[in-house]
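For reference, the structure is listed below as structure tokens.
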Amino acid sequence: IDAGYEFDICFTSVQKRAIWTLWTVLDATDQMWLPVVRTWRLNERHYWGLTGLNKAETAAKHGEAQPDHPFYSNISKDHRYADITEDQLPSCESLKDTIARALPFWNEEIVPQIKEGKRVLIAAHGNSLRGIVKHLEGLSEEAIMELNLPTAIPMVYELDKNFKPIKPMQFLGDEETVRKAMEAVAAQGKAKK
């Protein structure tokens, strides 16, 4: 957080974790006054009735297999989604679906801000961010499935005029902390033994 970065505009999801993360960063960097765009398109992947549950606890309780699960709650009735139609908001998504909703937002809303010379801060979730990383890095389907972005560790991209990375993504943290955080993300879907 104390890396000296300044921003002009912020983007986040409409989910609490990302909003809190953004507030924490803006408070720590004394930039709470910045404009913030919130969008469901940067939300975490929708997992039906499992949305919002801890992955490891759910796997321990229900097993690691992914059986059919009845739709638990109608997310579309949530006031955060009042501006979109029920058919626009998925009840369940694959990573590919998550990328398909996040990437147009990147191209249509975030890239134009960067073109204007604005310094952009995005506080989002692992799967929506993986979609942006896949696009920026030109990663294959297989490679993106193996990528575990560390939770709560900022990453930085510097882009050229064609919006391609000048150098690989940089994590703002020491190597050991980043490694452990990536391992923790990889282990999230595994039942604790």
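Using the three backbone atoms N, Cα and C, a Cβ is placed for every residue, glycine included.
TrEMBL annotations: computationally assigned, not manually curated.
Keep in mind the model is a prediction, meaning the values are calculated, not measured.
For reference, TrEMBL has these:
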BINDING   Arg17, Glu44, Arg45, His46, Tyr47, Lys55, Gly126, Asn127  substrate binding site
SITE      His125  site 'Transition state stabilizer'
Discussion item. Between Arg17, Arg45, His125, which of the recorded positions has its C-beta surrounded by the fewest other C-beta atoms within 10 Å?
Written reply: Arg17
Item to complete: Out of Arg17, Glu44, Arg45, point to the one nearest His125 (site 'Transition state stabilizer') in space (Cα versus Cα); all of them are binding-site residues in the record.
Response: Glu44
Fill in: Proximal but sequence-remote residues of the same chain as Gly126 (substrate binding site) (Cβ under 8 Å, at least 6 apart)
Glu44, Asn148, Leu149, Thr151, Val185
Worksheet entry | Position of peak Cβ density within 10 Å, selected from the binding-site residues Glu44, Asn127 | Asn127
